[in-house]
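First comes the structure, then the notes that go with it.
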Amino acid sequence: MRMTIRDPYIAAHGRPAQFVDFFTHDPMKPMPRPFGISEIQDDLVSFIFAVVGKGTGEFAELKAGDVIDVMGPLGHPFNTKEPANYVLVAGGLGVPPLIHAAQHIAGDENSESTAVFGYRKNHFADEYVDRYADRTYSIDESEGNVVTLLDRIEDELKDGDLPPVILSCGPLPMMKAVASWAAKRDIPCQLSLEQRMGCGYGTCVLCTTDTVNGRLKVCADGPVFTREQLGWE
């Protein structure tokens, strides 16, 4: 499901891997739903999400002109300041934030991006990331996974003009496998964690995760952490 809202503030300040809290109109469900930004055009901000319950079901039924309460952007973004070939490795609903990363990097003449996306079946995001990424590789479960693709393009990454830096988002087992792949090759790796959240800004302490510095809040301290911070080697 793809949804677009008009919000000049979020459009001006949203960065890759940051998210926006959406509030339902149900007073019995005060906790917001966090959605990662997938694309920004002028003052329009787009999100891609799956309908998994009543909250996301309500958002899926919104029509043009409807008004909804949102808060954001929230969280710390990917660091893309250094010139690099940013390898955008994502799976499942971790894909949308990496589309935004590709869009952001496309505006930097000193960097480039390589999208590496894994799907169960439908390659739903290729058409969006192709607008921005310099190269796109995708795979579904019938062929392998994102590590399969990383193995295939390893020489290409080594021989490129820019050093590779991995940005990843997706299911936890996938990201741990990606972090391990990167560690063995001494490639910097930033990971945007997908975690069940409550408030989205650090008050409820629902979304903590283990790091080398103790338990940190994914919403306020992340969602982006380096593999060294997480101790994933």
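Just so you know, glycine gets a Cβ as well, placed from its N, Cα and C.
TrEMBL does not curate its annotations; it predicts them automatically.
Positions annotated as FAD binding site by TrEMBL: GLY55, THR56. Within the same chain, the residues at least 6 positions away from GLY55 (FAD binding site) whose Cβ sits under 8 Å from its Cβ are PHE22, THR24, ASP26, LYS29, ARG33, listed in sequence order. In the three-state DSSP assignment, the secondary structure recorded for GLY55 (FAD binding site) is helix.
For the recorded site, CYS219 ([2Fe-2S] cluster binding site), the DSSP three-state label reads helix. Here CYS219 ([2Fe-2S] cluster binding site) comes close to PRO34, LEU74, GLY75, GLN195, MET197, CYS199, GLY200, TYR201, GLY202, CYS207: these same-chain residues lie at least six apart in sequence, with C-beta atoms under 8 angstroms from its C-beta. As annotated by TrEMBL, [2Fe-2S] cluster binding site applies to CYS199, CYS204, CYS207, CYS219.
Annotated domain 'FAD-binding FR-type' per TrEMBL: 1-80, in sequence order.
Taking each of the binding-site residues CYS199, CYS204, CYS207 in turn and counting other Cβ atoms within 10 Å of its Cβ gives the largest count for CYS207. Around the Cβ of THR56 (FAD binding site), a 10 Å sphere holds 18 further Cβ atoms from the protein chains shown.
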